[in-house]
Amino acid sequence: MKNHSLEFFLLLTLFLHANTGDSNECVYTIYVKTGSIIKGGTDSKISIRFDDAKNQSVWIPNLKSWGAMGEGHNYFERGNVDAFTGRGPCINSRVCRLNLASDGSGYHHGWYCDYVEVTSTGPHKPCSQTIFYVDQWLAKDVAPYNLSVIIDRCRLTAPHSSSSA
């Protein structure tokens, strides 16, 4: 269960960021839940890219650089939910694709990610929230033996065209 005071703080941050600066930028808040599995945490560098159905995207090469948990916080630890926030180009429709990657570095290189939640807002744009259930290892030594995962739900959210036969 999320801490409601942290949630309020992050929503306030979203509001303040959205009402200042470049009107072409949106504010993104990302929650990442690391699995409770033994050795599920990592010291690796994690990157993330999320896209909409029109392939507009935001790429964050080092997610820790957007960290919102305070100085000295150890991100991606077993069982933790970590929060990240920052500004980037506005995506015009709902986020529907996630590309999550680990560089495989550090003492604890394998990582088990439960889920990633992406919330966005911007000037004259409604809030949007998408949750991606990853539920897998990003590791070279544990199945599925990949350091990245792509979850693509854009086909599910794209408008359907109707045709008559």
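We number each residue from 1, going along the chain as drawn.
A Cβ is built for glycine as well, from the same backbone N, Cα and C atoms used for every other residue.
Copied over from TrEMBL, here are the features:
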SIGNAL    1-21  signal peptide
DOMAIN    26-152  domain 'PLAT'
*asked:* Per DSSP, what is the helix/strand/coil residue tally across the domain 'PLAT' (26-152)?
replied: 4 helix, 66 strand, 57 coil
_Give the mean pLDDT for the domain 'PLAT' (26-152) on the 0 to 100 scale._
95
